[in-house]
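Pulled from TrEMBL:
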ACT_SITE  H119  active site, proton acceptor
BINDING   C127, C130, C178, C181  Zn(2+) binding site
DOMAIN    1-277  domain 'Deacetylase sirtuin-type'
Amino acid sequence: MQKTVESLPTWLRRIERWTVLTGAGVSAASGIPTYRDRDGRWLRVDPIQHREFVESYSKRQRYWARSMVGWTGVDAAIPNANHYALAALERAGKIDTLITQNVDRLHQRAGSKNVIDLHGRLDRAVCLDCGAHETRESLQARLLANNPFVPEYRHIARPDGDADVPEDYISRISIPDCQSCGGTLMPDVVFFGGTVPKPRVELCSDAISRSSGLLVVGSSLQVYSGFRFCRQAEKHRIPIVIVNEGQTRADDLATLKISANAMQRLVAAVDELVPSTEKKTA
Ligand code: APR
Ligand code: ZN
C-alpha cells in the first residue's frame, strides 16, 4: 500500500467509519503491563497454555494463585486518556466497532459501546462443564475465603491480571468449583493455545467489511488473532493506520504509522476532531 505523509488528524477526519483494533499499549497508562516491549520482544515467562489449564489441577492451582493477587491490580485500574479518546471518537460517529485484545474492560468503562472483547474478559469466569458464568467479584471472594493466606504475599504485576508470587503456597491453593454443577471454572479469556470463538471472529470480519479504515492502537500485532484483521483490511484495500509506540507485525501494510509519542498524538488528534464539550457528555 502507498505510504503517506499525511497526518493522523487528516486521516481521522477523512475516514467515515473505522474499525479500531486495540491492544495492551492502550492500557499501559492505567498501570496494566504490556506483553511485549517496543521492539516486539516478549516480556513474560511461560504463560499458561489452554490445554495445561484444562488438563491439570496443579496448573490451575498455579494460575489461580497468581491470578488471585494479579486480579486486584486489574480490578483497581481505571480508564486513561486513550480509552476516553476512543470513546469520544465513537460518539462522534466515527467508529463502527472497536475490537480489543485487552481483557480489562476499560474501553467499556470509558464509555465505548460497540466493543468486541476478542480475547474475552477477565471480570468473569465460565464453567468448562456447564457454561455457567460467575462474576470475578463473586469468584474472587470465594477464592479468598478458601485461601485466606494469599493476600499477605508481595507480588509483581504481570499482564492479564497475572502476578509473580512465591512458589511455596501454590500447592496449598484450594480452587472453588462451579456453583451450578460442581465443574471446573476458567476465566472467560482466551489463553495461549486456545481459540477465539468463530462467531466472534466473524463479527470482527463483518465490521471490517463495512468499514472504510482500520485503526490499530497500542498493539504489537504479534498474535495472529489480531494481525489477521490487518490482512483482511489489506485485502479489502482499506487504509490501515497504526498508532503504536513500538514495532508491529503490520508496519509494512500500514498506510500511516505513528510511533513517536503515539498515544499523545492520538489523544491530540481526537481532541482536534471532537469538541471537548461533546466528549464530556458520556
Ligand atoms: N504507551 C504506548 N504503547 C506502549 C506503551 C505505552 N506506555 N508501552 C508499551 N507499548 C507498546 C509496546 O511497545 C507494544 O508494541 O504497546 C504494544 C503492546 O503490544 P503487546 O504487549 O504485544 O500487546 P498486544 O498486541 O495487545 O498483545 C496481543 O497477545 O499475549 C497475547 O493474548 C495476549 O491479547 C494479547 C495479545
Ligand atoms: Zn458448571
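Residue numbering: from 1, along the chain as shown.
Glycine residues also receive a Cβ, built from the backbone N, Cα and C atoms like all the rest.
These numbers come from a predicted model, not from an experiment.
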Inset, instruction - Mind giving me a neighbour count for C178 (Zn(2+) binding site)? Other Cβ atoms within 10 Å of its Cβ, every protein chain shown. - result: 21
Legend entry - Densest Cβ neighbourhood among C127, C130, C181 (binding-site residues), 10 Å radius: C127
Inset, instruction - Any same-chain residues 6+ apart from H119 (active site, proton acceptor) with CB under 8 Å of its CB? Would you list them in sequence order, or say none? - result: Q101, N102, V103, V189, V190, V196, S225
Legend entry - Where the C-beta lies under 6 angstroms from ligand 2, the matching recorded positions among H119, C127, C130, C178, C181: C127, C130, C178, C181
Inset, instruction - Go through the binding-site residues C127, C130, C178, C181 and pull out the ones with a Cβ less than 6 angstroms from some atom of ligand 1. - result: none
Legend entry - Other same-chain residues whose Cβ falls within 8 Å of the Cβ centroid of C127, C130, C178, C181, the recorded Zn(2+) site, in sequence order: L128, D129, G131, A132, D177, Q179, S180, G182, G183, T184, L185
